[in-house]
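*Asks:* Got a structure here, written out as structure tokens. Questions coming.
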Amino acid sequence: MRRAQVEKTRKERKAREAFRVEQEGKAAQQPNNALVSDPELQKPATLDILLAFEDYSRVREREFEEQMRRAQVEKTRKERKAREAFRDVLQSLVKSGQMKARTKWKDVYPSFSDDIRYLDMLGNHGSNPLELFWDLVDNLDQQLDAKIAVAEGAIKRHSKKLEAQQEKQVPEGKEMNLFKISPETSEEEFLAVIQGNEDEDVRKLSMQDLQESYQTLHSQAMKQQADERRRAERRQRHLQDDLRYALRKLSEPIDLSMSYEEAGPELTSRCLGLTCLL
């Protein structure tokens with residue numbers, strides 16, 4: 001009997017509590033007449049506005065920075081892929097033989113000028129196409145220089161053998177007849193000297209390596225000969241100009257019917273400055 005009374009009292013208490021919470025909720029939903037009627041109280045505080053704006057600015061700033069970061073990462077990725085694609089273009093030219101050591105940009109540019117892999121690199125940050133080209137050419141040049149050094153080592157060994165053979169045969173003061181690559185040297189003569197003085201480094205060179213070494217050394221000899229010819233022609237022109245100037249300065253003209261052998265002493269006697277020209 002007492003237990004039933006306690007249970008009834010508990011249920012009544014819960015019902016009263018639930019009724020009170022419901023009434024308070026309804027009261028909270030009803031507008032406050034004083035707040036509604038006072039326009040000053042309805043305005044938000046300036047500090048609240050500033051704090052809200054600051055919070056909003058931070059959020060937008062973080063969003064912008066993240067957007068820019070992602071854009072930069074994507075741009076960097078695209079530029080790196082463009083460089084890798086253009087390196088593939090250059091490597092294909094090396095494999096096809098179009099690009100070798102000492103190759104000039106103008107020699108290979110027409111082969112990729114319209115290639116999208118080249119066009120995609122234009123205007124990008126980092127290494128440009130010309131820099132990638134020269135990086136590869138420099139690497140090829142170093143490889144070729146190493147091969148040429150091996151070939152020149154074989155030529156030096158050949159020259160030492162010739163010196164030993166000619167040491168007692170060639171008269172003193174006369175130049176020995178040693179092997180030297182000149183414009184007249186053929187590829188067969190070059191290969192015969194190299195292969196006749198092989199060592200471990202020479203045996204590592206392929207026939208293509210030897211041919212490239214010959215072509216480079218032969219081209220250098222041709223260029224040297226052409227440079228010497230131009231220098232000689234330039235000296236000759238200067239001497240001719242000096243002679244013409246000296247002739248104009250003579251007090252009495254030279255007889256045009258005289259030969260050079262006859263005019264030479266005459267010019268020397270009249271113009272001491274012409275001694276070196278005659």
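Numbers here mean position along the shown chain, with the first residue as 1.
Backbone N, Cα and C define each Cβ position, glycine as well.
If you look up TrEMBL, you'll see 207-242 marked as coiled coil. The compositional bias 'Basic and acidic residues' annotation in TrEMBL covers 1-25. The domain 'FF' feature in TrEMBL is assigned to 78-139. The region 'Disordered' annotation in TrEMBL covers 1-40.
How about a rundown of where these features are and what they're close to?
*Replies:* Looking just at the coiled coil (207-242), the mean pLDDT is 92.
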*Asks:* Please give the sequence-distant neighbours of the coiled coil (207-242): residues at least 6 beyond its ends with Cβ less than 8 Å from one of its Cβ atoms.
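*Replies:* Distal contacts: 100-102, 144, 147-148, 150-151, 181-183, 185, 187, 190-191, 194, 274, 277.
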